[in-house]
């Protein structure tokens with residue numbers, strides 16, 4: 001079996017709807033191939049959730065047909081956050097969980113990602129085995145062995161109760177006014193209820209999905225509307241989720257953005273204070289130097305993984321640690337969940353706010369973020385602009401200018417046709433100009 005991936009990226013199979021591989025015929029075959037690999041003795045049951053994209057209806061039907069042809073039973077949850085599907089996969093003792101989502105991407109993209117029976121992302125060897133099955137012709141099981149579909153009507157209620165169980169029972173959110181932005185995505189009918197039931201005064205936004213407005217000027221990838229609303233409502237803080245509920249960005253009462261690095265720092269520091277920190281914190285190559293330095297001052301170990309929550313997870317398991325995060329808002333808390341869970345992560349920060357009687361603004365001041373600029377350069381051509389001599393020379397010049405007080409990172413996105421340029425350092429103006437200079441060099445060589 002080849003170890004070269006053709007379809008699976010860092011977060012499953014993803015692309016533009018109607019363009020290969022996100023087409024009904026390919027997704028049907030993907031369902032069949034996955035069913036062939038995942039089928040074992042036992043229930044042969046798969047949980048299928050989706051976000052609020054209009055294409056989700058088409059793709060879940062195609063998936064179910066493929067799974068049924070392989071003899072697996074599909075249980076639909078309807079719109080459901082990615083971590084909820086991971087949780088339900090475990091509690092239902094299903095063979096696997098499948099999420100139809102493109103996370104933070106625009107509505108016209110979609111994707112398919114899988115969870116194992118333990119609620120974790122599939123190992124590489126299983127994904128490669130599924131790709132190998134895709135080369136074969138579809139063969140249906142015998143008619144009597146065909147799978148059938150059912151619907152789980154109380155999926156949202158089950159997950160709401162789970163989320164609430166991760167919040168300390170002796171605490172309440174009764175004194176907090178919170179603006180909750182659900183990105184018109186999968187948390188729209190869940191997150192507001194979680195925080196309301198724990199006592200908060202909740203102002204909900206981004207809770208009217210229409211199939212095409214997911215992540216559009218709302219949610220974790222664009223917090224401007226949330227920042228404005230928090231200030232207007234004189235709220236204590238704001239929470240922004242992405243389209244599938246695995247990313248969380250927060251906003252303090254002054255309208256300042258609090259990103260995944262700061263969220264992980266607050267959670268780790270609170271765990272240290274309680275004597276419950278198990279090991280250190282895993283970040284990524286994109287993690288701000290300010291977080292690394294802040295943790296170091298507390299005596300908390302820190303290591304970097306490759307960019308992508310699956311690599312953060314791998315490093316956590318390797319080290320035996322419990323807290324990992326990306327600055328984009330993926331926060332993994334392995335003492336509570338099996339994957340990145342935005343609602344659960346938010347609840348841990350809120351527990352720190354309530355327990356310490358400090359504001360989110362005060363808690364986030366424990367670390368100082370370095371100015372960091374990220375430029376995305378669209379890249380759909382052949383070759384690798386990162387290997388171009390002109391690009392290498394520009395990077396060398398910038399690194400010389402930054403010296404030991406900054407760093408540069410160039411990488412290809414694992415989910416979109418983009419080259420990501422990140423520059424970080426103490427001098428904000430130098431960082432901005434350096435990022436633009438490198439981005440232009442990349443554009444010139446695409």
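Cβ coordinates come from backbone N, Cα and C, glycine included.
What Swiss-Prot records for 103 is active site, phosphoserine intermediate. The Mg(2+) binding site feature in Swiss-Prot is assigned to 103, 242, 244, 246. Annotation source Swiss-Prot lists phosphoserine at 103, citing sequence analysis.
Close to the recorded Mg(2+) site, the chain also has 51, 81, 82, 101, 104, 185, 186, 220, 241, 243, 245, 247, 342: residues not among 103, 242, 244, 246 whose Cβ is within 8 Å of the site's Cβ mean position.
Within the same chain, residues at least six positions away from residue 103 (active site, phosphoserine intermediate) with a Cβ under 8 Å of its Cβ are 11, 51, 82, 111, 242, 243, 244, 246, 247, 415. When the binding-site residues 242, 244, 246 are scored by other C-beta atoms within 10 Å, 244 scores highest. In the three-state DSSP scheme, residue 246 (Mg(2+) binding site) is classed as coil.
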